[in-house]
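What follows is a single structure, written as structure tokens, with notes after it.
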Amino acid sequence: MNNLQTHISSYLEYCLAQKRLDEKTIKAYRIDLIQFYNEISISDPCKIASYDLEKYIEKMHLKYKPKSVRRKIASIKAFFHYLEYKNIILQNPFNKIQIHFREPVILPKTIPLYIVEKFLFTIYKQRSAAKTNYQKRNALRDAAIVELLFSTGIRISELCNLKISDVNLIDGVILIYGKGSKERILQIGNSSVLNILKEYKNDFYNEIVQCNHFFSSQSGKPLSDQSVRRMINKYASLSSIDLHITPHMFRHTFATSLLEADVDIRYIQEMLGHSSINITQIYTHVAVSKQKDILINKHPRKDFHF
């Protein structure tokens, strides 16, 4: 049966089983493709022409921001490549469409380093001032999480998905399964970070084994993205920090700090798990303070004397 809805279901199963995409990506694909199916009003994919796609894209531009439209088009385009690959359609209507975007560059938001230090200080202070063992253990785990976010640039989804077998604290190495099931290895280069992770693992060992995730609640359940976000908000409030801090901002700060320290951008790309260096290059626009330092201290005009 050549039904668009049936092919969408088959494609999502293919993405899960063959392409091994993560649940969040598949969820986004599902939303985009079901929306497309509901709007297009054509049940047979063979009858969808370039004109139909162009009209649909025009409608999306009226409803969504360019970034959202780009993502939705990418979802639909990947689906039609699948239909072509499976010989379900003879011609891909996307082949006759030229899509151009001019998006404003949105720079990653970073956390000033003095605020990162203040944030970490607050967590350690809460731990030392804890009145109950429960509070003390929570603060220990929270310190381990924030230290890892800042010291490795790991994504929050990657952190929450870490298994006990992915973390080798003897050698200070973490195996990360990133976007698209891409593997990368990260080193823990700071001894203080390594020590707090070891202390956390020893204290939470039973809970970690119980849920098979490295970061666990005290009831032995894996930590969710949302629970980490709530924890970040809690310590930002306790620190009296007048800045909305998200877990991903630690990743941006990690990358920008390394770039400002003259680390080769290709090393940063590898550590962040970016598929293209073009993605990493966004951080070159952020390092304004480094640019100023270079122009003050490196430009030859400073040696001119009249």
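Cβ coordinates come from backbone N, Cα and C, glycine included.
Under the heading active site, Swiss-Prot lists ARG155, LYS179, HIS248, ARG251, HIS274. Taken from Swiss-Prot, the feature active site, O-(3'-phospho-DNA)-tyrosine intermediate applies to TYR283. The domain 'Core-binding (CB)' annotation in Swiss-Prot covers 2-84, and the record cites sequence analysis as its basis. Annotation source Swiss-Prot lists domain 'Tyr recombinase' at 106-296.
Comparing C-alpha positions, HIS248 (active site) sits nearest to ARG155 among the active-site residues ARG155, LYS179, HIS274, TYR283.
Cβ neighbours of LYS179 (active site) (same chain, under 8 Å, six or more residues apart in sequence): ASP22, THR25, GLY273, SER275.
Within the same chain, residues at least six positions away from TYR283 (active site, O-(3'-phospho-DNA)-tyrosine intermediate) with a Cβ under 8 Å of its Cβ are PRO108, HIS252, ALA255, THR256, LEU259, ILE265, ILE268.
Over all protein chains present, the Cβ of ARG155 (active site) has 20 other Cβ atoms lying within 10 Å. The helix, strand and coil residue counts that DSSP assigns across the domain 'Core-binding (CB)' (2-84) are 68 helix, 0 strand, 15 coil.
Counting every protein chain shown, the number of other Cβ atoms lying within 10 Å of the Cβ of ARG251 (active site) is 21. Among the active-site residues HIS248, HIS274, the residue whose Cβ has the fewest other Cβ atoms within 10 Å is HIS248. Under the DSSP three-state reduction, LYS179 (active site) is assigned to helix.
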